[in-house]
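In what follows, a single structure is set out as structure tokens and then discussed.
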Amino acid sequence: MSPAARPGAPAGPGTPGPVRARRPGLRRTPVTLLLAAAVAALALLPLGYIAVSTAGLGWSGIRELVLRPRVGELLWNTARLAGGTVVLCAVLGVGAAWLVERTSVPGRRVWHVLLVAPLAVPAFVNSFAWISLLPGVDTYAGALLVVTLSYFPFVYLPVVAAFRGLDPALEDTARGLGLSSWAVFRRVQLPQLRVALLGGSLLVALHVLAEFGALQMLRYPTFTTAIYDQYRATFNGPGATTLAGVLVLLCLFLLLAELRLRGRRGYARTGAGVARPGRRVRLGALTVPSLLALAALVGLSLAVPLAGLGTWLVRGSSTALDLGALATTTGTTLGLAAAAAVVTTAMALPTGWLAVRSRGRVATLLERSTYLGSSVPAIVIALALVTLAIRATPWLYQTVPVLLAAYAILFLPRAIVTVRAAVEQSPPLYDDVAASLGSSAPDRLRRVTLPLLAPGIGAGAALVFLAVVTELTATLLLAPTGTTTLATAFWSASSALEYGAAAPYAVVMVLLSAPATVLLSRDSSRGLTT
Amino acid sequence: MSSLTVTGVTKSYGATPVLTGVDLHVPGGGFTALLGPSGCGKTTLLRLIAGFDDPDTGTVDVGGRLVAGPGRSVAARRRRIGFVPQEGGLFPHLPVAGNVAFGLPRRQRRDRGRVAELLALVGLDPALADRSPHQLSGGQQQRVALARALAPEPSLVLLDEPFSSLDASLREETRQAVVDALRASGATAVLVTHDQAEALSMADEVAVLRRGRLVQLADPRTLYRSPRDLDVASFVGESVVLDAEVRAGQAHTALGALALERPCPDGPARVLLRPEQLRLAPVEGGVPVARVRSVDFFGHDARVRLELPSGLACSARLEGWDLPVAGEDVSVRVVGAALPFPAGAPDAPAVAQVRGA
């Protein structure tokens, strides 16, 4: 190019230099790093325990305990239930999301809330309602039905979010290139839903693997129920440990498979600004059948359990309602949930902070190990903590701290995800500006960082709180003697077939979970991590 | 008001050298613009002065006090240096008053009068004090950010491309308000920008940064009229660069024999003219002729793109009153002297290099 003439300004505004971002580096945050490492270590504790104790059995011991017909039977039961549930949830979740987001179906907002609402009913309560109304559902088909109705929102929510995020310009472009409506769905929309669908399906599968209460109630044996029975029978035989080992391997296999399938492709919109809302498909003559389908889904997943609870509440209130016990149990549950929320959120802070402020391999590794530890089923976490407490710290056995540790391991990802999002909202720039105004490090923490993080920390704590309120499995194994929560009180009453006495506890749990559901239906992009 | 002296500062991020030895002096009460293309290291230099980062080598001295140097690093909060980031960086959780009073001692933070004073200093209505940052326009946010930086009466204020996110109409007004407030406060100021018009119009002195090095520090007129090399010349404004043969104190070019701005040895050279030095007229004998390729009309003036018979392209800046049309032939006269750069001078090849990059 000739140097003869050149316009004045070489670069327009908004083109920042390549080397602008400052990396604080891990060296500057040794304390945070240490804390995050401790949290990751705690989260990996159950996994490590299972690995070490299984290895301790030796190859022949493992072979003897694993290669037997009982394990094969459990594997088959678990696999066909997980597979069937994933397929059904995918069909129901994508179908419902498409109707609500992309068609002219009437009452979209109401349907959206109603389709998320089943999350407020814990799976074991749902299963209680079904079996108490229809004692014949204790079959594979029954288990498949109940679990699917409890878990399809895990697919529905991310897919709705993905439909919302689809850039209609892509669809218009595809139509302009001559594609039919079906071809647009298959070649343009479906590939973009892939990440959401895979993520949702993984959640469903992990939940099925970890599900204990619902399946125990339906007398459908899987690994979790077998581990529990084994634990009740022999306390802690190598039998329970090896079963737990197989279950953990299944979880790891799913995580890896999802990672492989998801691939590295990005599906973010390339343009700037907010996506224009797309045109909706006119249903026309299909409006009534669509409404009927949605009504059937909501009816089965929401109306049946609520009707079941209502029936037993009315029947039981005449004979079995002990308001005093209900109040005490609710108090205990709320206290435990509040303590767990505080502890878990505090533990999430260092990890969430590092993940944003010191991006890099170490921070990613710490964050991922925490998620990995939490993907282990509650029954395995509880089993590991029981055994470790008895062996290493007998004075901690059956105490609240161990129970809180289990809750923290189980629900850390919920808190980390929200804390992380909050840290992303408060760039280091604010810290720099405050420093230039003479503010010291503790002063900055108090006046800038914490106020900016508060909403995110609060949301994370609320999610943990609500998860603990309905937690059953770990509480059953770890709660101190004499401590009953809503879930365990409900469990012991319904196990004794005192359905009328059980119902009030379930109703309180559903009422307490309702706010979380409203939160999720408003902001469908967050909080679905377990 | 304190002077600022930066000596031999270097900084690398990983293996990437960003600053490779910067020397800069800003006199007390002065207003200096750091001008450079994106990625030249100007924001990094600002962060080192503010104390958000430490230089690898070199020293920073504010008002005779060493704040960064070998084995010494005064924390940012003890440097008394105000900082106005890009897009303001107002604390989103605090109202305007809370932002402005952030750096004041605890007792004065509730003093509404002091906040109103500071808002008035930057030309804002004190009634804005209770608004949230997101309720302000971009220009208002920048002014609040400046008021916040000026509140603790810093000896030095650093501004990091504060106007780049504003649209053109707001930019002019906000610049004026910022200059007035800085003059009134008496603080020394350093402004980082990649906009040469901004640097030339606002600052007392302009420091041109290129590839991690300071290439020229001069007042705006000197910088525009006597740039150190052709690269700086094209960076601070449009240029017309002609090949020339210097003989007996005159440059013989495609636009005729031109007077020289400064002495230059005889021989081949390149000369610099500014587009506003070219005057166009109907073709007449004995005067160089060019063909008009196109006209960019701006209203108040216009840029006429010309092609000389040799094929060389250049442009002229004319008042928008009487303009030629594309395809017309015009004669070209040069007003004033040309700035010569002897061929073979060390800076000549750098021009082509930068273009290619």
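A Cβ is built for glycine as well, from the same backbone N, Cα and C atoms used for every other residue.
Predicted automatically and left uncurated, TrEMBL annotations should be read as such.
Marked as domain 'ABC transmembrane type-1' by TrEMBL: A:75-260, A:330-520. Annotation comment: TrEMBL describes A:1-24 as region 'Disordered'. According to TrEMBL, the feature transmembrane segment maps to A:31-59, A:79-100, A:112-133, A:139-163, A:195-218, A:238-257, A:286-314, A:334-356, A:368-389, A:395-412, A:452-479, A:499-520.
The stretches the transmembrane segment (A:452-479) and the transmembrane segment (A:334-356) are in mutual contact, each linked to the other by at least three Cβ pairs under 8 Å (pairs 6 or more apart in sequence). Touching of the transmembrane segment (A:368-389) and the transmembrane segment (A:31-59) is concluded from the presence of at least three CB pairs under 8 A, sequence neighbours closer than 6 excluded.
Of the candidate ranges A:31-59, A:286-314, A:334-356, A:395-412, A:286-314 contributes the most Cβ pairs within a distance under 8 Å of the transmembrane segment (A:499-520).
Sequence-remote contacts of a segment are chain residues at least 6 beyond its ends whose Cβ falls under 8 Å from one of its Cβ atoms, and for the transmembrane segment (A:286-314) they are 92, 95-96, 99, 103-106, 111, 114-115, 117-118, 121, 125-126, 128-130, 132-133, 145, 149-150, 152, 499-500, 502-504, 506-507, 510.
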